[in-house]
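S.K.: If you look up TrEMBL, you'll see D250 marked as active site, proton donor. Look at TrEMBL and you will find C166 tagged as site 'Transition state stabilizer'.
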Amino acid sequence: MVLQAIRYAPGSLQILNQLKLPHQEEYDEIKTAEDGWHAIKDMRTRGAPAIAIVAALSLAVEIQTTALSPNAEEVAAFIIEKLNYLVTSRPTAVNLADAARKLTKVVELVARPASNSGAAVSKAYCDAAAQMLIDDVADNQGIGKYGAEWIVKHSQGGKVSVVTHCNTGSLATAGYGTALGVIRSLHATNALKRAFCTETRPYNQGSRLTAFELVHDNIPATLITDSMASALLRLKGPSERISAIVVGADRVAANGDTANKIGTYQLAITAKYHGVKFLVAAPRTTIDLGTKSGADIVIEERPGKEMTMIKGPRFDGVDLDLSQAETISIAAQGIDVWNPAFDVTPAELIDGIITEVGVVEKDANGVFDLTLAMEAHSESIKPTTVGGL
Ligand SMILES: CSC[C@H]1O[C@H](OP(=O)(O)O)[C@H](O)[C@@H]1O
């Protein structure tokens, strides 16, 4: 059965509450943009693409279940105000702001002709928001294809083992996933020996969510601590040789610097030291040519309790009691906490950026040119870099 984190039909939106996973699969009803804002802020839904899609659809269901003005300009103003509110839920992932910008253009275009009604503006918005679900899955399948081909091409032959960080799968997108989509494609083409997923402290998106997806799909995988990832590249462990580290992204700056889950930067340093390929997998909705470099990316800081407290079902020594979710403290009371949700990996540590139209590599001067990827279409002119782009 396909894992669905977002369930949408006109007038109805449900999200899989990711704070309950991996032990409980519960869907929360989202009825308004405000519900969507809180679900994103609380991280009941998370992942750069999923944040944008849930935000857009939360407004769509509010529109579909509210009597709005017949006046096109008034409806457009209502929608744009709500989009600007939704963008404030989380600052680092660019997908949400990118979606708000594109959806604002849609409603402004339809509201312009005096002949158009409020209903026409509402329909145009809701159709565009729903299309995001379809486009994102298609993007991720393209990322999976190109990423898997690139890793196999650059490996030493035979099946490959890869490391991934955080959750970038069907729980972070509309389906299939970005970096986890690459792992799914490697598995589907019988090219994967083993995937290693890091726990991803402090919120454990790896042990709670990626491990859940890998078990769900019967993909050969091993959970490791964040600190073990470096050792894995050196030890003759179960992996023998890691062919690549592939991670997702929340915002790729114009020069290729990439903001991603905290702990990504240290993985890139480890990969560079050990000569292991380090890849970022991201749809073009995550590439932000308007942000010059990683220095300009706002890094979200999360509540300290997400680091000092941990929640899960009671374990009685034999079984898990799923009816008893308990929260326990794992840090000294009174200690100061710094909890940035992301870090920035400089472009110089990144070997390739896997997009839905191909893998972008640096040119002879060691510089990423992402403009070609942003203009390319899967069936159109391929930019000159290796791997399709
Ligand atoms: C395809 S998800 C991209 C990105 O989003 C995640 O962040 P969060 O779990 O805080 O929403 C993580 O950084 C993933 O790599």
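Placed from the backbone N, Cα and C atoms, the Cβ positions cover glycine too.
Heads up, TrEMBL stuff is auto-annotated, nobody curated it.
Where in this structure would I find these features, and how exposed are they?
M.R.: Sequence-distant neighbours of D250 (active site, proton donor) (same chain, six or more apart, CB under 8 Å from its CB) are A48, T92, A93, V94, N95, A259, N260, K261, T286, F342, listed in sequence order. Reduced to three states, the DSSP call for D250 (active site, proton donor) is coil.
Listed in sequence order, A172, T198, T200, Q205, G206, T210, V247, G248, N260, K261, G263, T264 are the same-chain residues at least 6 apart in sequence whose CB falls under 8 Å from the CB of C166 (site 'Transition state stabilizer').
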S.K.: Provide the three-state secondary structure of C166 (site 'Transition state stabilizer') computed with DSSP.
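M.R.: Its secondary structure by DSSP: coil.
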